[in-house]
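What TrEMBL records for 11-307 is domain 'Sugar phosphate transporter'. The transmembrane segment annotation in TrEMBL covers 12-34, 40-59, 79-100, 131-152, 164-185, 197-215, 235-256, 291-310. What TrEMBL records for 317-358 is region 'Disordered'. The compositional bias 'Basic and acidic residues' feature in TrEMBL is assigned to 340-358.
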Amino acid sequence: MDGKDTTHTMKVAGVVTFYMAAALVMVFVNKAVMMSSPDLPLLFLLIQLTLAVVLLHGASIISTKVEIPKLELKTAKKLAPVTLVNVVGLVFNLLCLRGVDASFFQIARGLQLPLTIIVSSLHGRSLPSKLVISAAAVVSAGFFIGLAPNSISADRLHEAPSRLSIVYGVLSSLFIAIHAVLIKYSLPHAQNSAIQLAYWQNLGSALLLTPFILLQGELSKLAELTSSPTWNAEVFVWGSVVTGVFGFLLCVAGLLSIKITSPVTHMFSSAARSAIQTLLGVWLFNDLLTVNRAVSILVIAAGTMFYTWVKSMENAPAPARPTKASPKDDIEANGGTQMDHIDGEVHDWQDEKRKHPA
């Protein structure tokens, strides 16, 4: 028994470490590329998405567990809403990261949890519990603490986040919230497979981005940068490759994290990642860390963990109640146990994957 517990603990530690490492690499490499090539956000994202599709094809050759969906126009139309919301959210996410410090990025997207709760409640036409509302209020307070005026020295005033970048962060959070709701209804069209849905979204997002790259003139900007002696092309090329690979790994890591760990462990690892991300941002990019920002990150992490604890308590199975023995053919006595209750909780697409295995 002890050996099994030790093995399980090692698996959990390995998966959590893998997930945190992949997520941190994505943030910091994305930031490095956006600092070196701020005029190529859509092209950079297109390369990431395309590489993820290629890697999924490669993984399907190696493992039968990775199934590439059959491309059908009928399915593509059904998945168009979730794909569109996904790519818009990704674009706003990248634009936000381009304009803020890596350590401030999580503050700019601090309304993700409250917005997800609101969107889910509006869609389900049900009010969340008072404790869930309290958790959302704590996270929202953390967001506004981060926006409060800071005592920044004159030589670092240029590092203050722009209002537009914060708007991008809020819009990114909003589209992620909408995406979380749409995922629930999109999985059945992808044979209830998270991998197949990820493939559809990456491929569809890449196709949707292509015309906007042409309209934005990013190809001509790339040509100009290529002829410029000051542009470091290696950062853009290697950054695109690394983020494409780790974006694919992050998809796998997310599946493993939910499968092997509990939601509470998953959320605690996310909180730890926030702290590590802040410290690495200060160390690697010399990010500005004020008292307001530090308190904001702590409050957002605390509110998120509180929400996770509340949902784990609400979703815990009720203790079995002693009941009187009744005949098997007594419909009135046995029929009540067949009722399912659906509330306005925030649905996680990984959770839906567990409920509806491929």
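Backbone N, Cα and C atoms are what each Cβ position is placed from, and that goes for glycine too.
Between the transmembrane segment (291-310) and the transmembrane segment (79-100), fewer than three CB pairs separated by 6 or more residues in sequence fall under 8 Å, so the two stretches do not touch. Most Cβ pairs under 8 Å to the transmembrane segment (40-59), among the stretches 131-152, 164-185, 197-215, belong to 197-215.
Residues belonging to the domain 'Sugar phosphate transporter' (11-307) score a mean pLDDT of 84 in the model. Counting Cβ pairs under 8 Å to the transmembrane segment (164-185), the stretch among 79-100, 131-152, 197-215 with the most such contacts is 79-100.
Sequence-distant neighbours of the transmembrane segment (79-100) (same chain, 6+ residues past either end, Cβ-Cβ under 8 Å): 27, 30-31, 34, 38, 41-42, 44-45, 108-109, 161-162, 164-166, 168-169, 171-172, 175-176, 178-179, 182-183, 185-186, 189-190, 197, 200-201, 204-205, 208-209.
Among residues of the same chain six or more beyond the transmembrane segment (197-215), those with a C-beta under 8 A of the stretch's C-beta atoms are 42-43, 45-46, 49-50, 52-53, 56, 68-69, 75-76, 79-80, 82-84, 86-87, 90-91, 183, 186-187, 190, 251, 349.
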